[in-house]
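K.L.:
I have a structure here, written as structure tokens, and I will follow up with some questions on it.
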Amino acid sequence: PVCVLHGELTVLSVCLSVCPVCSQFSRGVYAIFGFYDQKSMNTLTSFCGALHTSFITPSFPADADVQFVIQMRPPLRGAVLSLLAHYKWEKFVYLYDTERGFSILQAIMESAVANNWQVTARSVGSIVDPTEYKRIIEEMDRRQEKRFLIDCEVGRINAILDQVVTLGKNSRGYHYLLANLGFANMTLDKVFAGGANITGFQIINTENPIVIQFLQRWERLDEREFPEAKGTPLKYTSALTHDAVLVLAEAFRYLRRQRVDVSRRGSAGDCLANPAVPWSQGIDIERALKMVQVQGMTGNIQFDSFGRRANYSVDVYEMKVGGPKKTGYWNEYEKYVYIVDAQVTNESSSVENRTIVVTTIMESPYVMYKRNHLSLEGNDRYEGYCVDLAAEIAKHVGIRYKLSVVADGKYGARDPETKTWNGMVGELVYGRADIAVAPLTITLVREEVIDFSKPFMSLGISIMIKKPQKSKPGVFSFLDPLAYEIWMCIVFAYIGVSVVLFLVSRFSPYEWHLDENDEAKDPQSPPDPPNDFGIFNSLWFSLGAFMQQGCDISPRSLSGRIVGGVWWFFTLIIISSYTANLAAFLTVERMVSPIESAEDLAKQTEIAYGTLDSGSTKEFFRRSKIAVYEKMWSYMKSAEPSVFAKTTPEGVARVRKSKGKFAFLLESTMNEYIEQRKPCDTMKVGGNLDSKGYGVATPKGSALRNAVNLAVLKLNEQGLLDKLKNKWWYDKGECGSGGGDSKDKTSALSLSNVAGVFYILVGGLGLAMTVALIEFCYKSRAETKRLKLAKNAQNFKPAPPANTQNFATYREGYNVYGTESVKI
């Protein structure tokens, strides 16, 4: 008979652990199978040694050399030291469980002294409250520790890693080495999702025929009798238990073949006898157990003279995309053998032999359904910038691919509570896709868990507002080319030049002259010479010169000609400048935008502004340390109602319905695209607030990374990326920007542009008619008076006076050289 001590023994005190052993020994058992802990180990091994009763256990190996104890679990001391040397760890944290002994702790401390390592050791064996793990991890984080060696059982390791995920210490740069033989029995997906590197050991080789056969038999068990048979992964302690039974069976077969009498009839004995009476055949059974060499679920099973496993091999695993992957193995002779390069080579060669899953997201103009997509299948259902880009990359890399739209419609963010990734990033992290070709922004947190290619498109955060209505030109818009101050200066210059011309003409003798006809009439007493430049003629001359029309009179004196010359020069420059600006002011209908930059948004409160509720744009403002952006973030997070939009179309719709009272902050590429789509009522204002890029993403360590990166660089050098953007943004635009028809319409003048000129013309004609009527009436009245006076003069003829004076004819001007006074 073989006695089996159940797990309850591990919670008994040292004294109580003796009773089950003595009870079984008195029954005459051949060997005892069971588990021990640090408290009961010395007692059990002492009794077994004194009574010569073999104790077979899957528990942790004993620190000291003991007899009559067969240890099924191989020690990890050598394997751990080999991995520490391989990864070149010189500073790390060692978390250990004292219940598992001090073998590894002693080896690490000895190596630390010899190699000058900096090791921070913490015992976690007595911790019951999980928050204690959190406190230890936070303490290590303050010391900037990022490498952890955890030497505990599976349950305690899972509890520690849960706190690691809670604190977010599972990002890229962290490395966790798990000194446990059940790497596949641990829950590591959440830890790996953050980007941390996880390494451990596995004693069960799933390719072992014995393991495969056992699992097949396990699956065929009746669920009613064995409810845990299906869906329960094989634990490494179960495999060790299986192998322990196999070792016992092999040992007794050997004794039977050797015809060794191990009967205990009448020789049960008393374990508490003083002195102890050992079993005489116990040495034979121990020798038989140590001589066993058999292949089990944990590989080759052999023992040394102290009952420890010998000639065993332990597989080294790392967490990879898709689950744990074997990266090497360790044995006593070869030590650690690294084989990951061969697997990478196999992965690279298998890329061409399978269809690559390309995850993407429905977002115009990157990925859209074709109008007839219901009648199409596969990749032919889609069109867009990223669809064409994926096809070009596949052509350069030489792969077959299948487009897969992400189910949750998200780009990829990490949940702050569960620390898991969603969206396209989650598809890559959890191995559901091989490449992501989408408008996926390259950020630090994403780069920690996936790899990006070089950017295939550069962009930045921009401002979208509702396009303001085009300002209609005013009636007197022809005056706009020159400022109001210039027009006023021109008026005063006109008056000033006219006055100066009048004055110099008065004083200059060369402006006074007689016509030849006047001189010929009376050579003896010629009339006073006239002057053409009276005040009204001076004004008329200046106006004619300014209007580029000329006049019938012109200055004769040098001084008058100087005045005229400088006035002509002045009018030449003014008229040329006016004409140059007139075309632009009359042909371009300007749009007056209330916002031109982020600074304009920040310093006003009339126009609300916001971003997407989740995404890189919101994170930019939340983390920014620039004063303007901090002020904008403070406004956005406290605004009521909320200014954050759940989706981009929702934000765009809010801009269109807000009548110019809402601005939406989004990536410039999307802003430019929407600006080219009907109803053409949005516009981008100002420059970009930051600079970033879209990249093609692959899982960490993917064999496609380099090939995809080179393909993107080649497409950029060939100019194909620019052609694709022009194709999907502008060539397919619906607002006609830059088209020939639009240009013709812009250059055509409407009546409203020149209406003021017509008003002035009509007004001038009306004024001329009014003045002509006044002149006619005045002249008619004067003529009537003259005729009446002439009639009265005929009736009354007085005698002429004795002395008569000859008054000069009333002429405009004043003769400063004559003796006659004339009326001016």
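Heads up, residue numbers simply count up from 1 along the chain you see.
Glycine is treated like the rest: Cβ placed from N, Cα and C.
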K.L.:
From the disulfide entries in TrEMBL, identify which of CYS735, CYS777 pairs with CYS680.
P.N.:
CYS735
K.L.:
To which of GLU392, GLU485, GLU667 does TrEMBL also attribute binding of L-glutamate at the site defined by PRO439, THR441, ARG446, SER616, THR617?
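P.N.:
Site partner of PRO439, THR441, ARG446, SER616, THR617 for L-glutamate, according to TrEMBL: GLU667.
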K.L.:
Name the secondary structure element type, per DSSP in three states, that contains THR441 (L-glutamate binding site).
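P.N.:
It is in a strand.
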K.L.:
Should THR617 (L-glutamate binding site) be counted as helix, strand, or coil on the basis of DSSP?
P.N.:
helix
K.L.:
Tell me which of the recorded positions PRO439, ARG446, ILE595, SER616, CYS735 ends up closest to ARG414 (site 'Interaction with the cone snail toxin Con-ikot-ikot') in space, Cα to Cα.
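P.N.:
Spatially nearest to ARG414 (site 'Interaction with the cone snail toxin Con-ikot-ikot') by Cα position is ARG446.
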K.L.:
How big is the gap, in Å, between the Cα of THR441 (L-glutamate binding site) and that of LYS714 (site 'Interaction with the cone snail toxin Con-ikot-ikot'), rounded to a whole number?
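P.N.:
Cα-Cα distance, THR441 (L-glutamate binding site) to LYS714 (site 'Interaction with the cone snail toxin Con-ikot-ikot'): 20 Å.
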K.L.:
Can you name every residue in this chain, apart from PRO439, THR441, ARG446, SER616, THR617, GLU667, with its Cβ inside 8 Å of the center of the Cβ atoms of the recorded L-glutamate site?
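P.N.:
Other same-chain residues with Cβ inside the cutoff are TYR411, LEU440, THR443, GLY615, LYS692, TYR694.
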K.L.:
Quick one: of the binding-site residues PRO439, THR617, GLU667, which has its CA closest to the CA of CYS735 (disulfide bond)?
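P.N.:
Result for CYS735 (disulfide bond): the nearest of the binding-site residues is GLU667.
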K.L.:
Same chain, outside the transmembrane segment (482-504) by at least 6, Cβ under 8 Å from its Cβ: which residues?
P.N.:
533-535, 538-539, 541-543, 546, 555, 557, 559-560, 563-564, 567, 570, 574, 577-578, 581
K.L.:
How many of the residues that make up the domain 'Ionotropic glutamate receptor L-glutamate and glycine-binding' (365-430) does DSSP mark as helix, as strand and as coil?
P.N.:
27 helix, 13 strand, 26 coil
K.L.:
Would you mind giving the whole-number mean pLDDT across the domain 'Ionotropic glutamate receptor C-terminal' (355-731)?
P.N.:
84
K.L.:
Around the C-beta of CYS680 (disulfide bond), how many further C-beta atoms are within 10 angstroms, looking at every protein chain?
P.N.:
15
